[in-house]
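Listed in TrEMBL:
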type	residues	note
ACT_SITE	15	active site, for sulfotransferase activity
BINDING	15, 16, 17, 18, 19, 96, 104, 221, 222, 223, 224, 225	3'-phosphoadenylyl sulfate binding site
DISULFID	204-216	disulfide bond
DOMAIN	6-241	domain 'Sulfotransferase'
């Protein structure tokens, strides 16, 4: 096989379900994907396209090369850089209710830095006035309409697939059918590939052909979220609502987060 630049990228979003999607699409025989996040278009761009190509797995004729780096979606330079690599690159964005996404993001940071302030403290510029701090990355990432605008300056909507992080859990096979169609692949990853893990609370892949064990996402996935004041959740929902509505209009899809 030869190493080639990716024809499709999972560009976001952090804590949306990108790892689950990558693992599921890797079960397809015509997909070869990098396991780790290369962060080429945000952190390693100066290393050049040859470095990037070298990170990729070898592919045979007819196989698609893919990678996922969820921070691309919120990186200003990423659309232009990807467009200059190949303007027909297919882009996949896994989106999830921005409120739960923000809490999940905070939970991940908390597991690494237990000394950080509470979610409530970080979420507000002014708690009394109920002013949300939209500059905090955990909140900013979920303003999907804002980030999407940046991508639409370089890519037509037809080249971007929006995957529902919620449906990836409740109906993995249904979401994977859309992904495979979008990538121009035969629908090989179907309900036969998934079983529901009650402990984790989400689907796992049944064993891939070459290994004996089923594939569940690692220990870092499905962490228990800290309890957040219901008033804070209410404020956040209110904050995100106009952006969600705008996002539904831009994509022509209703994700039913309200």
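Each Cβ is built from the backbone N, Cα and C atoms, and glycine gets one as well.
TrEMBL annotations: computationally assigned, not manually curated.
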For residue 222 (3'-phosphoadenylyl sulfate binding site): intrachain residues, at least 6 apart, with Cβ closer than 8 Å:
200, 201, 202
Please name the residue among the binding-site residues 104, 224 whose C-beta has the most neighbouring C-beta atoms within 10 angstroms.
104
Only counting partners 6 or more residues apart, tell me which same-chain residues put their Cβ under 8 Å from the Cβ of residue 216 (disulfide bond).
197, 200, 204, 205
Based on Cβ atoms within 10 Å, give me the single least packed residue among the recorded positions 15, 19.
19
Just how spread out is the 3'-phosphoadenylyl sulfate site if you go by the largest Cα to Cα distance in Å among 15, 16, 17, 18, 19, 96, 104, 221, 222, 223, 224, 225?
19
Distance [Cα-Cα, Å, rounded] between residue 224 (3'-phosphoadenylyl sulfate binding site) and residue 15 (active site, for sulfotransferase activity):
13
State the mean pLDDT for the domain 'Sulfotransferase' (6-241).
94
Which residues in the same chain, at least 6 apart in sequence, have a Cβ under 8 Å from the Cβ of residue 17 (3'-phosphoadenylyl sulfate binding site)?
94, 96, 163, 165, 168, 169
By a simple count, how many Cβ atoms lie within 10 Å of the Cβ of residue 204 (disulfide bond), its own Cβ left out?
20
